[in-house]
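Participant: According to TrEMBL, the transmembrane segment annotation covers 19-38, 50-70, 82-104, 111-128, 148-168, 189-213, 233-251, 263-285, 317-335. Annotation comment: TrEMBL describes 171-243 as domain 'DUF1736'. Sequence annotations record features per position, and here TrEMBL assigns repeat 'TPR' to 362-395, 427-460, 461-494, 562-595, 630-663, 668-701, 702-735.
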Amino acid sequence: MWSMCVFTVPRPVCSCTRVIVACSTTPVWPSSLALLFAVHPIHTEAVSGIVGRADVLACMMFLLAFLSYIRSVGVCGSADSLPSTVSVWALGASLLLGTCAMLVKETGITVFGVCVLYDALVLCRKPLLLHLSSSKMKDLLRISVPFLKRACAVSLYVAVIMSFRLWLMGGSMPLFSEQDNPASFSPHLLTRFLTYCYLLAFNAWLLLSPVVLCYDWQVGSIPLVESLWDIRNVAALLLGVVMVALCLHCVMSLQRLESREVLVGVLFLVFPFIPASNVFFRVGFVVAERVLYMPSMGYCILVAHGLGRLCSVVGRWGTTALTVSTLLLLLLFSWKTVQQNHIWLSREALFRSGIQTLPHNAKVHYNYANFLKDRGRHQEAIHHYKTALRLYPRHASAMNNLGTLTRHPEDAERYYRTALDTNPQHNRALFNLGNLLKSQGKKEEAEALLRDSIRFGPHFADAYSSLASLYAEQKRFAEANDIYLQGIESCPDSSDLHNNYGVFLVDTGEGALAAAHYQHAVRLKPAHYVAMVNLGRLLRSSNENKEAESWYKKALLVTRKVDILTPLGALYYNTGRYEEALQVYREAATLQPDSTDIWLALAQVLAMAGRSKEAEKMTLGIISKQGSCIECYRLLSAIHSKRGNYTEALDALDKALQQNPVDMSVRAELHFSKGNQLREMNQLDRAFESYKLAVELKPDQSQAWMNMGGIQHIKGDYAAARQYYQRALILTPGSKLLKENLAKLERLERRLTGP
């Protein structure tokens, strides 16, 4: 933070000091100006905040443009002529630097007004005053030609670059909401006028006494001035008196050809603040400390000039007292700046400071709640969202975010609908309500809401994904595909949208195209591990195991999560690399020790690696914690069967069946496994009954039909055996074993029937 201050602040300080040296007739006080500007606490936001850096850069360009303009104008040689333009290059540089200031920050364009007025009132004042105060009015136009040329050139240039700036903005001004600038939305002209006047006084007070500073002054920070009898009107009136007095002083100084510091201070104070004053157009804030960065130059000039004038009239002891007071003020400002720097060190410190400084500001509660929500501190976030709504009941975003945190769907729906009552175009509330209704099966209303979310927020990628997934669930694949393509066109930089489209393409059988979108998602966001895992799964399904392993490992370089480790462990398991699979699953179990699936997978790997005792112990441990683990009993059965303990294997399968699995295919597989154990025990009749139960639950189980045929084959019921074999052959027509069994059956039948 301090390095940023050291890097950023001195450049405007040096430029400002050069301006004062160029404009001053008293060479003593620019040092106090530089110190005051360097330590003023109002600059903390401009230097520390990313948005405020634009004000710092624009300020430097502003000052350089002003200095270049002064250099382009010659010295006034006589009272009969105005100074001419001695350097077109310097004037061009001034125009270019002013343009850069404007492109960085809109307020930078005010430098041209400062330059032209300084030219007229300071550089050209002697001839102008002489002709205005004498009978030479008829010669005024003639001698003003050099100045008029410069003024016209600058004015024309300003018109061009303002048009260019408006074109960059799409030909319209930004749109703001009532919570951004409540005064500008007031229906009463008097309220707007009085509030704007008070805000001018409030900004002036922040420069004079930066005691209460906050990163955000919106929504309730400064109540509207709605009456002429409001005591705050006194502050606005006092500011008006001071500004009129300063202007009169400038006029008198010009007439007496005295020093120009007050004029420069007023110009630098007033002009850069005009765009933020709500005079010409609505701005998106009530008070913003960063916009006072440039006007503070004028404030510092006036204070430093005042100190210089006081020192010249108060004598030795008075000068000493002023010096001590100034040093004390600089120390206080420095201490306050250090405090503000600590506040801007982290998001939490910044948002918490807003709560402490302006507890009646709904926006700071909303911002702090957002921070708490991101950190998973949901109960605290809910408290601050509710506080924001108590202070500003029409805060639609707070209502929407509160809906995302509530555990009850009914409450969430109520919050979303209230947010939409306040702001029907709130695309996030439309999206959240649409998703909620989609999860409740209210597909038609959800579709309408998600479409509205896209209409009011065409660059909101999540809305496209959600609507497309809704269409995919309804088997409306063509419409889903169109929505994904629209989303990619509107949000080309959304890595999540490309990833989600890849998932959709995999589900619709477009694997090659899906791989391209997964890779595009990774190019857009190299840390997108979800896309890497999805690509790994896709490659794994195509038996491209090396490439799949490579993508899983790339994902692990981003983050070591269970969602990445488990598919990598499965890849190692399925390719016979059991030691590597054990290592991966153990790491996954460390990260998620309560996951039954991970411990079961680890036990399966141990069993396949020949470490059946460890596998059995681990499986029994899982069962002791979760008795309804069907897969655990299946694994135990396989372990006992491998050892030849068929009775224990059969016992484990019976326990699995006692869990009464809901999935019919799982129940069918258990009966099939039980049939296999009974067949190994030579209990063929019971085995046949188990196979029969399996095919009743899952008729396409070819192996069960074949085993039933085999049992009948052994028992000598060749007709029944042929029937079961043929049923199995219909399901798996390419089975060599079935064909061999049928051939054996035919040979036996021929022997029995004779030649």
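Residue numbers in this text run from 1 along the chain shown.
Positions of Cβ are set from backbone N, Cα and C atoms, glycine also.
In TrEMBL, annotation is done automatically, which means it is predicted and not curated.
Here the structure is a predicted model, which means the values were calculated and not measured.
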Participant: Using a threshold of three or more Cβ pairs below 8 Å, and leaving out pairs closer than 6 in sequence, do the transmembrane segment (233-251) and the transmembrane segment (50-70) count as in contact?
Facilitator: no
Participant: Hey, would you say the transmembrane segment (148-168) packs against the transmembrane segment (82-104), going by three or more CB pairs under 8 A that are 6+ residues apart?
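Facilitator: As far as Cβ distances go (cut-off 8 Å, pairs 6 or more apart), the transmembrane segment (148-168) and the transmembrane segment (82-104) touch.
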Participant: Which sequence positions outside the repeat 'TPR' (562-595), separated from its termini by at least 6 residues, show Cβ-Cβ distances below 8 Å to it?
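Facilitator: Cβ under 8 Å, 6 or more out: 529-530, 532-533, 536-537, 540, 545, 548-549, 552-553, 555-556, 601-602, 604-606, 608-609.
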Participant: By DSSP, how many residues in the repeat 'TPR' (461-494) are helix, how many strand, and how many coil?
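Facilitator: So the repeat 'TPR' (461-494) is made up of 27 helix, 0 strand, 7 coil.
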Participant: By a Cβ-Cβ criterion of under 8 Å, what residues six or more beyond either terminus of the transmembrane segment (263-285) are in contact with it?
Facilitator: 19-20, 23, 62, 106-107, 109-111, 113-114, 117-118, 121-122, 173-174, 176, 180-181, 183-184, 192, 196, 199-200, 203, 217-218, 243, 246-247, 250, 253-254, 291-292, 294-295, 297-299, 301-302, 305
Participant: So how many of the residues in the repeat 'TPR' (362-395) end up helix, strand or coil by DSSP?
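Facilitator: Here the numbers are 27 helix, 0 strand, 7 coil.
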Participant: Which sequence positions outside the repeat 'TPR' (427-460), separated from its termini by at least 6 residues, show Cβ-Cβ distances below 8 Å to it?
Facilitator: 396-397, 399-400, 403-404, 409, 412-413, 416-417, 419-420, 466-467, 470, 474, 486, 490-491
